[in-house]
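See below for the structure under consideration.
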């Protein structure tokens, strides 16, 4: 019996051991399946966010692409007025994400605000066709055409539609598809640079499709029905959001906010004014006045995070004039193209289709730059700082505007011919529009170099908790560049009595406006080149360390050693990926 019992015990242990061995791989498979489903879910969310982004950009470019032609031909605006309206709409669409982000953070719930913004976007794009009534392309019998709106009513509806559409754009960009929704927190500089390159590559590919297709529909085939296409695209975005519901709405971390950043700046300024006689002593940075140690209201971490963001303000400021140059594509360059010969082999090209020439360099350069960066970062040699790309890109933008001035002189040497655009007969230069291609190409090269590099610096050179706010500030300065472009156009027209931005280009001096803008851009490029060294790895980490240590009493250095290491980790440079220089 003892032997039998012993055998039974051995058999039970053997069966138990065998069962455990069988269950272990099953658990592994279960965990693997769970991880796989979670990764699939993240991939699905990323794809949905990207689809919404593309749909929103589709509607945005559909509104912008022929706005000048619509304003001049349909609403009877002067050239400078149409250019101002276009640039103000683009600028407003850049600023509203910041406003909506603040509303979602402080006043209104994110889900509720998304519904409101989607309704506003829907309303704006639905009202745009109302401005284009009657639909001549639908009603063959002209006696039964619907009653048209008066010019005043058209303008009121048009401006209201643009305002509501821009507010809707802000909600979609700020809540549904912010950059934070792409889970970039754990990415290094190499991955970030690659992400921004391909992100803007996709957006520009989308815009190329819009500029070719929608612009042709709006201008030639069914110019009034063209405004229905943004409406259809909004429906696509709404369906995409409905498919994923709350899974798509990104919920940011609440450890930092735009209000806190502005509060730190306001508190520091207030303390500086109250204690002006202590301004030059006791602190190494004026923002230190906002710290609780110096009579302010904010913690050490909040102030130091704001200081890291404030170091990027010069970078942001030098993007204002660059953005003004980029805004010449839908304004000054568009007017030049509209007043050139658009006929090509018996086919009338859409005016906005020339924008594709500025997109092609970006579509070509991004894969090339990706290959070059991979080779540089995989070797032991240090890669170039993004500031090098920014300087070269800004120089290319300055050359583009200068070439536009010479092209305008060249264009006026050709005799004038009649050309029909949207059933309106216009006197234009007989110069083929392809003669304007060099200025578009140079500006496209500038965008390929500047925008991804500037986004990378704005995202990488601040602590993780400040990255969303840093991108908000970059957007604010880009929007300011659009409004500065509108200000330049208004000032140039008023100051020169319409000569520098004329309604009839062959009677004015538009080239002088381009030469003036090119000279400003050259000065802007030189100014940024003088401060570019501040955004190189060694210089920036030394500035972080010295200033942070100088702002603290000796007895607190040990306490804040962890914070110093945090900034070291933020600016850590990897030999395979860093766009920061190491010397």
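Think of each number as a place in line: the chain as shown, counted from 1.
Yeah, the Cβs are placed from backbone N, Cα and C, and that goes for glycine too.
Note: TrEMBL annotation is automatic and uncurated.
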Please identify the range among 387-406, 407-426, 547-566 that TrEMBL labels transmembrane segment. 387-406
Could you check if the transmembrane segment (513-532) is in contact with the transmembrane segment (387-406), meaning 3+ Cβ pairs under 8 Å among residue pairs at least 6 apart in sequence? yes
Please work out whether the transmembrane segment (198-217) lies in contact with the transmembrane segment (110-135), by counting C-beta pairs under 8 angstroms that are 6 or more apart in sequence and asking whether there are at least 3. no
Most Cβ pairs under 8 Å to the transmembrane segment (387-406), of 84-104, 110-135, 347-366, 440-461, 473-493, goes to 440-461
Given a Cβ distance threshold of under 8 angstroms, which distant residues of the chain, six or more beyond its ends, lie next to the transmembrane segment (156-176)? 49, 52, 56, 59-60, 63, 75, 85, 89, 92-93, 95-101, 104, 110, 113-114, 116-125, 127-128, 130-131, 149, 230, 234, 237, 241, 248-250
In the same chain, who gets a Cβ under 8 Å from the transmembrane segment (84-104) while lying at least 6 residues past its ends? 60, 63-64, 67-68, 71, 77, 110, 113, 117, 162-163, 165-167, 169-171, 173-175, 178, 258-259, 327, 330-331, 472, 475-476, 478-483, 485-486, 489-490
